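Student: Sharing the feature lines straight out of Swiss-Prot:
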TRANSIT   1-34  transit peptide
DISULFID  87-99  disulfide bond
DOMAIN    112-211  domain 'PPIase FKBP-type'
DISULFID  188-193  disulfide bond
């Protein structure tokens with residue numbers, strides 16, 4: 001996976017990295033050699049070695065110059081496509097399934113405040129259909145006032161046997177159709193709909209923060 005490149009050390013690049021360089025045979029400056037004997041190819045091979053050395057130098061410098069921002073971008077791409085670990089759901093009377101991976105360390109969100117969350121959203125078969133990580137910023141939403149689907153409100157704010165989330169918490173939600181978009185398709189544009197009717201939705205929620213300066217209303 002792309003994430004694994006973040007753990008490589010400089011020694012690995014210099015000792016075990018073996019790049020493959022391809023030379024086009026269609027170019028007039030091609031290094032392809034069609035000859036009847038090895039001696040006819042020696043001058044071209046020496047040129048190839050010099051070019052290979054220069055190319056390897058550029059390649060090594062570009063790899064070793066991986067910045068923290070590059071690493072963050074790779075992590076964002078990783079979390080946009082890979083879900084949190086599996087856990088066993090508990091179920092509220094409403095039918096909402098919930099499971100805490102991390103209870104969190106901060107405050108609970110009062111009804112009506114703005115909160116920032118990161119999330120990935122999947123269908124019941126595991127197919128990803130939305131993720132805040134792909135946009136590289138959390139979603140800002142007003143909690144508990146009907147601005148989002150009922151399953152998200154209840155899953156974050158709590159109620160009916162669901163404990164409220166705390167800042168820093170990570171929770172998995174299994175949202176039945178009646179707490180999501182119901183029997184009608186959703187996310188439709190020009191006749192194409194992202195979410196079919198009667199879809200059960202799976203959310204991985206990361207409660208980032210209560211929006212600074214947010215007030216209930």
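Keep in mind that glycine also has a Cβ here, set from the backbone N, Cα and C atoms.
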Student: With DSSP helix as H/G/I and strand as E/B, how many residues of the domain 'PPIase FKBP-type' (112-211) fall in helix, strand and coil?
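Tutor: So the counts come to 14 helix, 45 strand, 41 coil.
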Student: Please report how many Å separate the Cα atom of residue 99 (disulfide bond) from that of residue 188 (disulfide bond), as a whole number.
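Tutor: Spelling it out, the Cα of residue 99 (disulfide bond) and the Cα of residue 188 (disulfide bond) are 30 Å apart.
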Student: What kind of secondary structure is residue 99 (disulfide bond) part of, going by DSSP in three states?
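Tutor: Looking at the DSSP assignment, residue 99 (disulfide bond) belongs to a strand.
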Student: I'd like the number of other C-beta atoms within 10 A of the C-beta of residue 99 (disulfide bond), please.
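Tutor: There are 16 such Cβ atoms around residue 99 (disulfide bond).
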Student: At the level of the C-alpha atoms, what whole-angstrom distance separates residue 188 (disulfide bond) and residue 87 (disulfide bond)?
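Tutor: Checking the Cα atoms of residue 188 (disulfide bond) and residue 87 (disulfide bond) gives a distance of 32 Å.
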Student: Across all protein chains in the structure, which of the disulfide-bonded residues 87, 188, 193 has the highest Cβ count within 10 Å?
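Tutor: Answer returned by the neighbour count: 193.
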